[in-house]
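Beneath this line is the structure, given in structure tokens, with notes to follow.
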Amino acid sequence: MAEVSLRNVTKAWGSFTAVRDQSLEIRDGEFMVLLGPSGCGKTTTMRMIAGLEEPTAGDILIGGQRVNDLPPRDRDIAMVFQSYGLYPHMTVEDNIGYPLKLRGIKGAERAAQVRAAAAKVELEALLHRRPKELSGGQRQRVALARAIVRRPTVFLMDEPLSNLDAKLRVSTRAEIKHLQHELGVTTVYVTHDQIEAMTLAHRVAVMQGGEIRQLDTPEVIYDRPADLFVAGFIGSPPMNLVQGQHADGRFTAAGGFHAVTGVARHSGPAVLGVRPEDVTVAPAGQGDLDASIYAVELTGDAVLVTVQAGDSRIIAKADRAWRAEIGSSVALRLDASRLHLFDAASTKRLQPE
Amino acid sequence: MSGTRAAAARRRKLVVKAVESAILLLALFLILFPIVWMALTAFKRPVDLFDLTVTFTPTLDNFRTIFAAPWNIGAAVWNSTVVAGLTVLISIPCSTLAAYAFSRFEMRFKGALFFTILATQFIPAVVVVLPFYLLFRDLGLLDTHLALVIVNLAIVTPFAVWMLKGFLDAVPTESEEAALVDGATRLRVILDIVVPMVWPGVLVTAVFCFILTWNEFLFALILTRDDAVTLPVGITRFRTERGDLWELIAAAGILISIPMFLLSSVIQRHFVRGMTGGAVK
Ligand SMILES: Nc1ncnc2c1ncn2[C@@H]1O[C@H](COP(=O)(O)OP(=O)(O)OP(=O)(O)O)[C@@H](O)[C@H]1O
Ligand SMILES: [Mg+2]
């Protein structure tokens, strides 16, 4: 029993509001990812759950109990800090073992649990070093091991993989996911890396400017972004967004760009979105739109084709064997079932009926 | 052309260097000369005293004399040690807690409170020495260690709070927050995390407080007579009707200086060096 609830939580410093009237229900055992650009209030939200920051307004509940007035130690949480927060005068072993020491776990039992946690993040060989003798990635793993050495009711992880190299990041990511599944501990995970969010989360809260823009499963967030911000933030390369006019279910933009949207009840300025993987580059004359090749980039697993269609530049993701001359004429096919339409004024998504 | 200019610049640099060295040497001489003179005097026989030769037969007689009756300087050494030791032992834990509160917690009137604590340092000792005398007389504490410890605490603690706050302000708070989340109480955090991290600062502060107390003269002079006389006051006893016993004054001066030499080397080793490496990114 450890749901975490935020009810109309606000955090302000003077006239600056870092988190604005935020409500969030995190279910028992859920892996919740807070995703957003730098400075959007992710760490602040997490610190309020931990009890390190007092909300200016609103309530925080853990397991149904209001914890606003409880000190961090009575909230039974474990946290990985964005800048580690290691104990510089202690060895790696003592760092990881400190939460156990505070709970009166002694001697061989503590040593065994410390070693098990260290093994999970490949730290066994470094147990007798001090933090200043470790690399950034190793320090981060010590912080991670210190959090997973015991079983709290809630895990809070603030960008715990940001300093690992690509290979270790992938393996530790899988480790975290497996561990969380195995322990079933409610987890709040902060990141600005959308791949991490997509791969780890049961649900993702996309934040901007201290507010949650969309809260849903990774699939829904990817397939039906709620507004222009979410649409542009999620996806790499980002979704193509074309400014234009919309009327009678038909979207048009300067230079002859057009598409059928299936949204009947909207007319006026709009933005059409289409993900690169939903755009197909076809031989000239065999598609919906005429275009010319602007650039071709091989990324390894795919080829990114930038084409000029009307006044707009569209990126398409093609097979990695795909090749074309810059400047040559092609045609574009847009996957009609995967077009996204947004109202230009409100930036909100317009759902086809 | 440019060659001569370079040569002129080099010559100017040389002159600056020479002047610098001369000033340093002069300062060094001014500081060290009295100390060397005192050290030499302490090992001289009274007959050699006003002899300006540097070559003489050194003797430990002066030290034997001051430790024997009627001088019994050993008692003053003991009094000074007890007073300075107790003052530091009480002051440092209290100041650490106070400095931690000032450094980490939000509170009302924090600035005013901190200033008030510092302001007590600016009251001249002569202004309060008489009230203190009357107070301790009424309490029956004249000529006791306790009276001196209380007075020295009042002198030393504000200074220690101010100094420790500086050290604490420089320590990142992430480690403390991690410990709070890991399940530590605030006191545990201070003992397990904060103190080890600012240990050099605590040590330096303790040394300063010890030296301040060790050298304190005015209050010790007024508040003691026989039992609790400290070294700086004890030295004045060597000014007798028979004249000033310079060789004994010098020997006692050496005794007073010993902790200073030992402790200043501690300060040298620990000043600025912190323990915070590796805690955060
Ligand atoms: N103690 C503070 N006083 C004033 N402003 C603060 C304080 N802590 C954070 N802020 C501000 O609150 C906003 C949100 O900060 P926060 O640390 O939550 O961002 P974040 O989403 O975690 O960003 P990042 O991805 O860079 O870590 C920032 O604009 C920051 O400057
Ligand atoms: Mg952050």
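Cβ from N, Cα, C; glycine included.
Copied from TrEMBL, the annotated features are:
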TRANSMEM  B:21-43  transmembrane segment
TRANSMEM  B:77-100  transmembrane segment
DOMAIN    B:77-267  domain 'ABC transmembrane type-1'
TRANSMEM  B:112-134  transmembrane segment
TRANSMEM  B:146-168  transmembrane segment
TRANSMEM  B:189-214  transmembrane segment
TRANSMEM  B:248-267  transmembrane segment
**Study point:** Stretch-level contact, the transmembrane segment (B:248-267) and the transmembrane segment (B:112-134), CB cutoff 8 A, at least 3 pairs
**Key:** no
Are there 3 or more C-beta pairs under 8 Å linking the transmembrane segment (B:112-134) with the transmembrane segment (B:189-214), counting only pairs at least 6 apart in sequence?
-> no
Same-chain residues at least 6 beyond the ends of the transmembrane segment (B:112-134) with CB under 8 Å of its CB atoms are 98, 102, 142, 151, 154-155, 158-159, 161-162, 165, 218-219, 222-223
